[in-house]
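A short worksheet on the structure shown next.
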Amino acid sequence: MSEVEYRCFVGGLAWATGDAELERTFSQFGEVIDSKIINDRETGRSRGFGFVTFKDEKSMKDAIDEMNGKELDGRTITVNEAQSRGGGGGGGRGGGGYGGRGGGGYGGGGGGYGDRRGGGGYGSGGGGRGGGGYGSGGGGYGGGGGRRDGGGYGGGDGGYGGGSGGGGW
């Protein structure tokens with residue numbers, strides 16, 4: 001396999017969208033080498049995002065240009081260039097990509113999925129799943145301190161089930 005991968009991050013997917021549908025939707029832009037919806041390790045349920053890998057750069061860029069902000073299965077999706085797993089990103093912490101902290105990542109602006117340092121996170125702040133999202137405010141998916149030690153699913157600043165702080169899963 002070549003060192004360069006032309007991979008898109010696709011966020012905001014409906015829970016029902018599967019790998020085959022993702023591939024079918026994006027294959028109109030060029031040859032799709034791989035398409036994968038990311039599932040929760042514990043529940044096996046879609047986490048609402050995935051990746052599509054194209055054979056060439058033009059196909060990837062066309063897909064990003066045409067599909068970012070478009071609707072798929074009733075949801076407005078986000079499509080951008082995925083950060084590579086190696087090197088400069090340091091495991092997705094620098095400037096976007098899955099779990100990235102600065103300026104992007106799933107859930108938008110400053111904070112990745114369940115990031116313990118607050119500011120962004122899964123569906124919070126000004127991005128992700130419709131503005132407020134699960135963790136709402138400055139909390140993220142698990143409230144201020146990630147899933148295990150801050151607010152938990154219903155904690156944080158508002159959160160899915162109201163309440164503030166405490167809780168956890």
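Even glycines carry a Cβ here, placed using N, Cα and C.
These come from Swiss-Prot:
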COMPBIAS  85-101  compositional bias 'Gly residues'
DOMAIN    6-84  domain 'RRM'
REGION    80-101  region 'Disordered'
REGION    121-169  region 'Disordered'
DSSP helix/strand/coil residue counts for the domain 'RRM' (6-84): 22 helix, 31 strand, 26 coil
Segment-level pLDDT (mean, integer) for the domain 'RRM' (6-84): 96
